[in-house]
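These come from TrEMBL:
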type: TRANSMEM; residues: 43-64; note: transmembrane segment
type: TRANSMEM; residues: 76-96; note: transmembrane segment
type: DOMAIN; residues: 122-190; note: domain 'Palmitoyltransferase DHHC'
type: TRANSMEM; residues: 166-183; note: transmembrane segment
type: TRANSMEM; residues: 295-317; note: transmembrane segment
Amino acid sequence: MPLRTVRSTCSRAALHLTRIVLDRTVTGLETCITVLCETPTPAVQGLFVLLFGAAFYSYCKYFFSLLPLPTVPAWHIWSGTLTMMPSLVFFVLASWTDPGIVTPENVEQYSRQYRLDGVLYQPRTCATCNIPKPARSKHCRVCNRCIGRMDHHCIWLNTCIGTRNLRWFLAFLASTAAICIYGTRAGWRVASACEVSGPGPLLSGQAVPGDVLRVTHTWSACRACDRLCPSQPARSSTLAPQGAVLGARIMHGHMGVEGAWKLARVRRGSGRLEYVSDSALTTLRYVLERYPVQFCLTFFLGVMGWVLTGFLGYHIFLTLNGTTTNEASKWRALRKDLARQAAFDPAGLHLDLAPDNAYDWGPGRNLLDALVPRVPCAKDSKLC
């Protein structure tokens, strides 16, 4: 058989095999997403508990072990442990509290809680539950049940967020964000407690002395540092001010205790001396080499702190405006539809692109309604 034919056959076989592997991989990912996101399963709850426990264990092992430091007392170990407890408590409450399941027995109560506004909510019957749909309720396809004042389905809690557990959900977000912020802040204080100045600017133009050549591209104590630059003003690492964002400052204090700012190594190729305190990039390289776990954990806490804070702020914004995630999506779709109608209105009529939200009663009352589920309204009362 000619060599060209063999190559062509092998190429087609490899391409076919690659397509099979990709198709099966995509199918497997779709199945996993369906199981985790579109079916009620405690797997994601377990994943959260696992991540939470692993992060707390790592923080205790790699950061609390550095305490006490001059300005960071050892009681931060206990306060850090106690800040973990509210998050777990609110996690359990948000997960196992009734979100507001609408049943044939209580549908009248939920119907009296909010009146139909005639904009987002019209008189309808749930085709799945076969019961009248109260205002602000929605049938969750994951839980397969109608939820009063439905906000969204949370896969991390394996339940819907509705009228009865919204308060615990907000408390869970706030407490978990507080843990991340506390962890970053505690690491910053640990770093600030041991500010140790460095040996001075990088001697970029000087050759490496003979007794330092043995360090060979790795960080080691530079014994000739004080002799080489005794007249240079002391300075700290240039990464220190940005450390709270990048995660390096959490290790800054321990680096000072170890005398890391008097460490140097030989640059590859040039053979010149490079100090840890030379630049932000140099310090970051040392941190990644010396504190890889601490850096990754700090970066993870910082990112999750910002994400959770933003998510919490978004939900507080919705709550103060008397709306939910589900209703916010409906309002966007309604305004887009009205704008499309206005663009093609032959009479040139100006349609109302922003109907009033009948459930917006002011920030104070909106917040109270979300945190303290109201007693159902009387039949003859106004829209409330």
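Every residue number used here counts from 1 along the chain in the order it is shown.
Note that Cβ sites are derived from N, Cα and C of the backbone, with glycine treated the same way.
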Criterion met for the transmembrane segment (295-317) and the transmembrane segment (43-64) (at least three Cβ pairs under 8 Å): yes
DSSP-assigned states of the domain 'Palmitoyltransferase DHHC' (122-190) in counts, ordered helix, strand, coil: 25 helix, 14 strand, 30 coil
Overall pLDDT of the domain 'Palmitoyltransferase DHHC' (122-190), taken as the mean: 88
